[in-house]
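*Asks:* The transmembrane segment annotation in TrEMBL covers 21-40, 127-146, 225-247, 259-275, 287-305, 317-334, 340-360.
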Amino acid sequence: MGDIRQSFFTSPQINGTLAKSGLFLTRLLVAGLLSTWGLVLFGLQALWVLGAAVLGYTGSEVVLARLRRGSPSRIAWMESLSGGLLLGLLFSPGIHPLIPLAAGVFAQVIIRWGFGGSTGMWMSPQLGGQAIAMIAWPLAFSQWTFPGGTILGSSGGVDAVTGGTTLSYLRQVGLSGTISRSPLQAMTASGETHGVDASVTEWLNRGLLNDLGINLPEGYAGRFLGFQGGAMGEISILLILVCSILLISRRAVYGRVSAWYLLTFGLGMFVFGGLESTGRLFTGDVLFHLINGGVLFIGFIFLPDLTSAPQTRLGQVIYAVVAAGLTLVFRLFGSPGVGAGFAALVAMILVPMLDIYVVPRVFGVQTRRMV
(Lines of atoms letter the chains of each structure in order from A and count residues from 1; the text may use other names and numbers.)
(Lines give C-alpha, C1' and ligand atoms only; values in the text may rest on other atoms or scores of the structure.)
Protein backbone atom coordinates (compact mmCIF):
# COMPACT_ATOMS: atom_id res chain seq x y z
CA MET A 1 0.00 0.00 0.00
CA GLY A 2 2.86 2.36 0.75
CA ASP A 3 4.28 1.89 -2.75
CA ILE A 4 0.91 2.53 -4.36
CA ARG A 5 0.38 5.68 -2.35
CA GLN A 6 3.83 6.98 -3.17
CA SER A 7 3.45 6.32 -6.90
CA PHE A 8 0.06 8.00 -6.97
CA PHE A 9 1.36 11.21 -5.42
CA THR A 10 4.69 11.30 -7.25
CA SER A 11 5.44 14.63 -8.89
CA PRO A 12 5.11 14.56 -12.70
CA GLN A 13 8.55 16.08 -13.23
CA ILE A 14 10.19 12.96 -11.75
CA ASN A 15 10.08 11.43 -15.24
CA GLY A 16 11.29 14.56 -17.02
CA THR A 17 14.76 15.58 -18.08
CA LEU A 18 14.83 18.54 -15.69
CA ALA A 19 15.51 17.83 -12.03
CA LYS A 20 13.39 19.45 -9.35
CA SER A 21 16.12 21.92 -8.43
CA GLY A 22 16.48 23.01 -12.06
CA LEU A 23 12.71 23.26 -12.44
CA PHE A 24 12.21 25.58 -9.50
CA LEU A 25 15.35 27.54 -10.32
CA THR A 26 13.91 28.23 -13.77
CA ARG A 27 10.58 29.31 -12.32
CA LEU A 28 12.39 31.48 -9.78
CA LEU A 29 14.32 33.15 -12.60
CA VAL A 30 11.09 33.83 -14.51
CA ALA A 31 9.38 35.21 -11.41
CA GLY A 32 12.44 37.35 -10.71
CA LEU A 33 12.48 38.82 -14.22
CA LEU A 34 8.79 39.72 -14.12
CA SER A 35 9.12 41.14 -10.60
CA THR A 36 12.13 43.25 -11.57
CA TRP A 37 10.24 44.83 -14.45
CA GLY A 38 7.32 45.49 -12.10
CA LEU A 39 9.70 47.30 -9.75
CA VAL A 40 11.05 49.35 -12.65
CA LEU A 41 7.56 50.43 -13.72
CA PHE A 42 5.94 50.95 -10.32
CA GLY A 43 8.74 51.43 -7.80
CA LEU A 44 8.06 51.04 -4.07
CA GLN A 45 4.39 50.28 -4.62
CA ALA A 46 5.34 47.04 -6.33
CA LEU A 47 7.91 46.24 -3.64
CA TRP A 48 5.31 46.40 -0.88
CA VAL A 49 2.88 44.12 -2.71
CA LEU A 50 5.50 41.58 -3.77
CA GLY A 51 7.04 41.56 -0.30
CA ALA A 52 3.67 40.98 1.35
CA ALA A 53 2.85 38.10 -0.99
CA VAL A 54 6.24 36.46 -0.40
CA LEU A 55 5.89 36.94 3.36
CA GLY A 56 2.47 35.32 3.46
CA TYR A 57 3.36 32.46 1.11
CA THR A 58 6.89 31.67 2.30
CA GLY A 59 6.19 32.47 5.94
CA SER A 60 3.34 29.95 5.98
CA GLU A 61 5.69 27.36 4.48
CA VAL A 62 8.17 27.90 7.33
CA VAL A 63 5.46 27.69 10.00
CA LEU A 64 4.03 24.48 8.53
CA ALA A 65 7.50 22.98 8.33
CA ARG A 66 8.10 23.78 12.00
CA LEU A 67 4.81 22.17 12.94
CA ARG A 68 6.01 19.04 11.17
CA ARG A 69 9.26 19.31 13.17
CA GLY A 70 11.33 20.03 10.13
CA SER A 71 12.68 22.90 8.09
CA PRO A 72 12.25 23.77 4.41
CA SER A 73 14.89 22.33 2.11
CA ARG A 74 16.78 24.35 -0.46
CA ILE A 75 14.32 23.22 -3.14
CA ALA A 76 11.38 24.12 -0.91
CA TRP A 77 12.83 27.60 -0.39
CA MET A 78 13.13 28.12 -4.15
CA GLU A 79 9.61 26.84 -4.70
CA SER A 80 8.15 29.05 -1.98
CA LEU A 81 10.02 32.16 -3.10
CA SER A 82 9.03 31.72 -6.75
CA GLY A 83 5.45 30.93 -5.74
CA GLY A 84 5.25 34.02 -3.55
CA LEU A 85 6.59 36.27 -6.30
CA LEU A 86 4.19 34.80 -8.87
CA LEU A 87 1.33 35.38 -6.44
CA GLY A 88 2.34 39.00 -6.00
CA LEU A 89 2.51 39.45 -9.77
CA LEU A 90 -1.21 38.65 -9.96
CA PHE A 91 -2.04 41.85 -8.07
CA SER A 92 -1.97 45.51 -8.96
CA PRO A 93 0.82 47.45 -7.21
CA GLY A 94 -1.76 49.88 -5.88
CA ILE A 95 -3.57 47.26 -3.80
CA HIS A 96 -3.30 47.19 0.00
CA PRO A 97 -0.41 44.88 1.05
CA LEU A 98 -2.59 43.02 3.56
CA ILE A 99 -4.60 41.53 0.69
CA PRO A 100 -1.69 39.68 -1.00
CA LEU A 101 -0.45 38.75 2.49
CA ALA A 102 -3.75 37.04 3.30
CA ALA A 103 -3.87 35.50 -0.17
CA GLY A 104 -0.40 34.03 0.37
CA VAL A 105 -1.43 32.39 3.64
CA PHE A 106 -4.58 30.94 2.08
CA ALA A 107 -2.70 29.71 -0.99
CA GLN A 108 -0.06 27.94 1.06
CA VAL A 109 -2.12 26.51 3.93
CA ILE A 110 -5.40 25.61 2.22
CA ILE A 111 -4.57 24.99 -1.43
CA ARG A 112 -0.98 23.77 -1.43
CA TRP A 113 -0.97 21.77 1.81
CA GLY A 114 -4.66 20.90 2.00
CA PHE A 115 -4.01 17.59 0.20
CA GLY A 116 -0.36 16.92 0.93
CA GLY A 117 1.86 19.62 -0.53
CA SER A 118 3.18 20.23 -4.03
CA THR A 119 2.46 16.67 -5.17
CA GLY A 120 -1.22 16.81 -4.19
CA MET A 121 -2.34 20.29 -5.22
CA TRP A 122 -5.83 20.48 -6.70
CA MET A 123 -5.28 23.87 -8.34
CA SER A 124 -2.64 26.54 -8.69
CA PRO A 125 -2.08 28.08 -5.23
CA GLN A 126 -1.35 31.46 -6.78
CA LEU A 127 -4.51 31.59 -8.90
CA GLY A 128 -6.56 30.23 -6.02
CA GLY A 129 -5.16 32.84 -3.66
CA GLN A 130 -5.94 35.62 -6.12
CA ALA A 131 -9.46 34.27 -6.66
CA ILE A 132 -10.29 34.20 -2.95
CA ALA A 133 -8.89 37.73 -2.60
CA MET A 134 -11.10 38.96 -5.46
CA ILE A 135 -14.14 37.41 -3.81
CA ALA A 136 -13.30 38.78 -0.36
CA TRP A 137 -12.24 42.29 -1.47
CA PRO A 138 -13.95 42.97 -4.83
CA LEU A 139 -13.62 46.76 -4.60
CA ALA A 140 -9.84 46.48 -4.34
CA PHE A 141 -9.80 44.96 -7.82
CA SER A 142 -11.97 47.63 -9.44
CA GLN A 143 -9.03 50.05 -9.84
CA TRP A 144 -5.65 49.17 -11.34
CA THR A 145 -2.44 51.16 -11.26
CA PHE A 146 -0.97 52.50 -14.50
CA PRO A 147 2.81 52.93 -14.68
CA GLY A 148 4.29 56.35 -15.15
CA GLY A 149 1.02 58.23 -14.96
CA THR A 150 -2.33 58.17 -16.67
CA ILE A 151 -3.17 56.18 -19.74
CA LEU A 152 -3.66 59.51 -21.48
CA GLY A 153 0.06 60.21 -21.39
CA SER A 154 2.84 61.31 -19.08
CA SER A 155 1.83 62.32 -15.60
CA GLY A 156 4.48 64.95 -15.10
CA GLY A 157 6.42 63.28 -12.32
CA VAL A 158 3.67 61.15 -10.81
CA ASP A 159 4.83 57.55 -10.34
CA ALA A 160 1.45 55.96 -11.01
CA VAL A 161 -2.28 56.57 -11.03
CA THR A 162 -5.27 54.26 -10.85
CA GLY A 163 -7.99 53.45 -13.33
CA GLY A 164 -9.80 50.59 -15.02
CA THR A 165 -8.14 48.06 -17.27
CA THR A 166 -8.35 48.14 -21.05
CA LEU A 167 -11.13 45.55 -21.09
CA SER A 168 -13.14 47.28 -18.38
CA TYR A 169 -12.85 50.58 -20.26
CA LEU A 170 -14.19 48.97 -23.43
CA ARG A 171 -17.07 47.49 -21.47
CA GLN A 172 -17.90 50.91 -20.01
CA VAL A 173 -18.04 52.69 -23.36
CA GLY A 174 -20.39 49.97 -24.57
CA LEU A 175 -18.76 48.42 -27.60
CA SER A 176 -21.81 46.39 -28.59
CA GLY A 177 -22.07 47.01 -32.29
CA THR A 178 -22.53 50.78 -32.02
CA ILE A 179 -18.90 51.56 -32.89
CA SER A 180 -17.85 50.16 -36.25
CA ARG A 181 -14.14 49.78 -35.53
CA SER A 182 -11.82 47.48 -33.66
CA PRO A 183 -11.35 47.79 -29.87
CA LEU A 184 -7.81 49.12 -30.30
CA GLN A 185 -8.98 51.77 -32.77
CA ALA A 186 -11.64 52.87 -30.30
CA MET A 187 -9.06 53.09 -27.51
CA THR A 188 -6.65 55.11 -29.65
CA ALA A 189 -9.35 57.45 -30.95
CA SER A 190 -10.43 58.31 -27.41
CA GLY A 191 -6.85 58.92 -26.28
CA GLU A 192 -6.73 55.85 -24.04
CA THR A 193 -3.10 54.98 -24.79
CA HIS A 194 0.08 55.70 -22.89
CA GLY A 195 2.37 58.48 -24.04
CA VAL A 196 5.23 56.02 -24.46
CA ASP A 197 3.21 54.11 -27.04
CA ALA A 198 3.16 56.94 -29.57
CA SER A 199 6.92 57.54 -29.28
CA VAL A 200 7.86 53.87 -29.63
CA THR A 201 5.40 53.29 -32.47
CA GLU A 202 6.73 56.28 -34.41
CA TRP A 203 10.32 55.13 -33.88
CA LEU A 204 9.54 51.60 -35.11
CA ASN A 205 7.57 52.78 -38.14
CA ARG A 206 10.37 55.12 -39.20
CA GLY A 207 13.07 52.51 -38.75
CA LEU A 208 12.86 48.72 -38.87
CA LEU A 209 9.21 48.39 -39.85
CA ASN A 210 9.53 50.98 -42.61
CA ASP A 211 12.18 48.85 -44.33
CA LEU A 212 9.84 45.86 -44.13
CA GLY A 213 6.87 47.79 -45.49
CA ILE A 214 4.91 47.41 -42.25
CA ASN A 215 2.96 50.16 -40.49
CA LEU A 216 2.33 49.37 -36.82
CA PRO A 217 -0.91 50.93 -35.50
CA GLU A 218 -0.80 52.89 -32.26
CA GLY A 219 -1.72 51.02 -29.11
CA TYR A 220 0.35 47.85 -29.44
CA ALA A 221 3.86 49.06 -28.55
CA GLY A 222 2.93 50.41 -25.13
CA ARG A 223 1.12 47.22 -24.22
CA PHE A 224 4.02 45.04 -25.32
CA LEU A 225 6.31 47.00 -22.98
CA GLY A 226 3.89 47.02 -20.06
CA PHE A 227 2.44 50.53 -20.15
CA GLN A 228 -1.15 49.55 -19.42
CA GLY A 229 -3.33 48.85 -16.43
CA GLY A 230 -3.50 45.40 -14.91
CA ALA A 231 -1.67 42.97 -12.68
CA MET A 232 2.10 43.43 -12.54
CA GLY A 233 2.87 40.12 -14.20
CA GLU A 234 0.46 40.36 -17.10
CA ILE A 235 1.11 43.83 -18.50
CA SER A 236 4.50 43.35 -20.23
CA ILE A 237 3.77 41.12 -23.21
CA LEU A 238 7.35 41.18 -24.50
CA LEU A 239 8.77 39.97 -21.18
CA ILE A 240 6.12 37.24 -20.92
CA LEU A 241 7.14 35.95 -24.36
CA VAL A 242 10.80 35.91 -23.30
CA CYS A 243 9.91 34.02 -20.12
CA SER A 244 7.77 31.55 -22.08
CA ILE A 245 10.72 30.71 -24.34
CA LEU A 246 12.83 30.08 -21.24
CA LEU A 247 10.22 27.86 -19.60
CA ILE A 248 9.43 25.82 -22.70
CA SER A 249 13.08 25.38 -23.71
CA ARG A 250 13.90 24.15 -20.20
CA ARG A 251 10.80 21.91 -20.23
CA ALA A 252 9.60 23.53 -17.04
CA VAL A 253 6.06 23.70 -18.49
CA TYR A 254 4.04 21.73 -21.02
CA GLY A 255 4.38 23.74 -24.23
CA ARG A 256 1.59 21.71 -25.80
CA VAL A 257 -0.90 23.11 -23.30
CA SER A 258 0.06 26.71 -24.08
CA ALA A 259 -0.14 26.12 -27.82
CA TRP A 260 -3.61 24.57 -27.76
CA TYR A 261 -4.91 27.12 -25.27
CA LEU A 262 -3.80 30.16 -27.26
CA LEU A 263 -4.78 28.63 -30.61
CA THR A 264 -8.28 27.74 -29.42
CA PHE A 265 -8.83 31.08 -27.71
CA GLY A 266 -7.49 33.01 -30.70
CA LEU A 267 -9.73 31.13 -33.11
CA GLY A 268 -12.75 31.71 -30.89
CA MET A 269 -12.05 35.42 -30.58
CA PHE A 270 -11.61 35.71 -34.35
CA VAL A 271 -15.06 34.22 -34.84
CA PHE A 272 -16.97 35.91 -32.00
CA GLY A 273 -14.73 38.74 -30.77
CA GLY A 274 -15.92 41.22 -33.38
CA LEU A 275 -19.53 41.11 -32.21
CA GLU A 276 -18.81 43.78 -29.58
CA SER A 277 -17.28 46.25 -32.01
CA THR A 278 -18.72 45.51 -35.46
CA GLY A 279 -21.70 43.28 -34.78
CA ARG A 280 -20.40 40.70 -37.29
CA LEU A 281 -18.81 37.27 -37.03
CA PHE A 282 -15.23 36.53 -38.16
CA THR A 283 -14.08 40.11 -37.50
CA GLY A 284 -12.46 39.75 -34.07
CA ASP A 285 -9.13 41.43 -33.30
CA VAL A 286 -7.20 38.34 -32.18
CA LEU A 287 -3.97 40.12 -31.27
CA PHE A 288 -5.78 42.67 -29.12
CA HIS A 289 -7.55 40.00 -27.07
CA LEU A 290 -4.40 37.91 -26.72
CA ILE A 291 -2.35 40.74 -25.23
CA ASN A 292 -5.08 41.92 -22.84
CA GLY A 293 -6.76 40.31 -19.87
CA GLY A 294 -3.81 38.18 -18.76
CA VAL A 295 -4.32 35.51 -21.42
CA LEU A 296 -0.61 35.15 -22.23
CA PHE A 297 0.40 35.35 -18.56
CA ILE A 298 -2.00 32.56 -17.59
CA GLY A 299 -1.39 30.57 -20.76
CA PHE A 300 2.40 30.47 -20.46
CA ILE A 301 3.06 30.62 -16.71
CA PHE A 302 0.23 28.96 -14.78
CA LEU A 303 -1.91 26.78 -17.04
CA PRO A 304 0.91 24.55 -18.40
CA ASP A 305 2.58 24.09 -15.01
CA LEU A 306 3.79 20.51 -14.50
CA THR A 307 1.97 20.09 -11.19
CA SER A 308 -1.35 21.46 -12.49
CA ALA A 309 -1.79 20.02 -16.00
CA PRO A 310 -2.78 16.42 -16.88
CA GLN A 311 -0.09 13.83 -17.52
CA THR A 312 -1.24 12.43 -20.86
CA ARG A 313 -1.05 14.24 -24.20
CA LEU A 314 -4.74 13.85 -24.96
CA GLY A 315 -5.60 14.98 -21.45
CA GLN A 316 -3.46 18.07 -21.90
CA VAL A 317 -5.23 18.94 -25.16
CA ILE A 318 -8.67 18.55 -23.57
CA TYR A 319 -7.51 20.56 -20.56
CA ALA A 320 -6.23 23.41 -22.73
CA VAL A 321 -9.32 23.49 -24.97
CA VAL A 322 -11.66 23.56 -21.96
CA ALA A 323 -9.68 26.41 -20.40
CA ALA A 324 -9.70 28.33 -23.69
CA GLY A 325 -13.43 27.84 -24.16
CA LEU A 326 -14.17 29.07 -20.65
CA THR A 327 -11.86 32.05 -21.13
CA LEU A 328 -13.75 32.93 -24.30
CA VAL A 329 -17.13 32.73 -22.56
CA PHE A 330 -15.94 34.73 -19.55
CA ARG A 331 -14.33 37.34 -21.82
CA LEU A 332 -17.47 37.88 -23.88
CA PHE A 333 -20.15 37.58 -21.20
CA GLY A 334 -18.45 37.85 -17.81
CA SER A 335 -16.59 40.44 -15.80
CA PRO A 336 -13.78 41.98 -17.87
CA GLY A 337 -10.22 41.05 -17.02
CA VAL A 338 -10.81 38.00 -14.79
CA GLY A 339 -11.79 35.36 -17.34
CA ALA A 340 -8.41 33.72 -17.92
CA GLY A 341 -7.63 33.10 -14.26
CA PHE A 342 -11.02 31.69 -13.32
CA ALA A 343 -11.13 29.58 -16.48
CA ALA A 344 -7.75 28.08 -15.58
CA LEU A 345 -8.98 27.25 -12.07
CA VAL A 346 -12.05 25.42 -13.37
CA ALA A 347 -9.90 23.45 -15.83
CA MET A 348 -7.43 22.54 -13.08
CA ILE A 349 -10.22 21.10 -10.94
CA LEU A 350 -11.00 18.71 -13.82
CA VAL A 351 -7.42 17.41 -14.01
CA PRO A 352 -7.84 14.45 -11.58
CA MET A 353 -10.76 13.19 -13.67
CA LEU A 354 -8.75 13.57 -16.88
CA ASP A 355 -5.83 11.65 -15.37
CA ILE A 356 -8.17 8.80 -14.43
CA TYR A 357 -10.26 8.49 -17.59
CA VAL A 358 -7.84 9.70 -20.28
CA VAL A 359 -5.04 7.17 -20.12
CA PRO A 360 -2.62 6.07 -22.85
CA ARG A 361 -3.20 2.72 -24.52
CA VAL A 362 -0.90 0.02 -23.18
CA PHE A 363 1.21 -1.49 -25.95
CA GLY A 364 0.47 -5.17 -26.59
CA VAL A 365 -2.73 -5.24 -24.54
CA GLN A 366 -6.03 -5.74 -26.33
CA THR A 367 -9.14 -4.40 -24.64
CA ARG A 368 -12.14 -6.74 -24.49
CA ARG A 369 -15.66 -5.48 -24.95
CA MET A 370 -18.01 -6.47 -22.15
CA VAL A 371 -21.22 -8.01 -23.50
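Yeah, the Cβs are placed from backbone N, Cα and C, and that goes for glycine too.
Caution: TrEMBL annotation is automatic and unverified by curators.
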*Asks:* Which of 225-247, 287-305, 317-334, 340-360 has the most Cβ pairs closer than 8 Å to the transmembrane segment (259-275)?
*Replies:* 317-334
*Asks:* When you scan the chain for residues with a C-beta under 8 Å from the transmembrane segment (340-360), skipping those not six or more beyond its ends, what do you find?
*Replies:* 90, 122-124, 127-128, 130-131, 293-295, 297-299, 302-303, 308-315, 318-320, 322-327, 329-331, 334
*Asks:* Where else in the chain does the transmembrane segment (317-334) make close Cβ contacts, counting only residues six or more beyond its ends and a cut-off under 8 Å?
*Replies:* 167, 256-265, 268-269, 272-273, 275-276, 289, 293, 295, 298, 303-304, 309-310, 340, 342-344, 346-347, 350-351, 354, 358
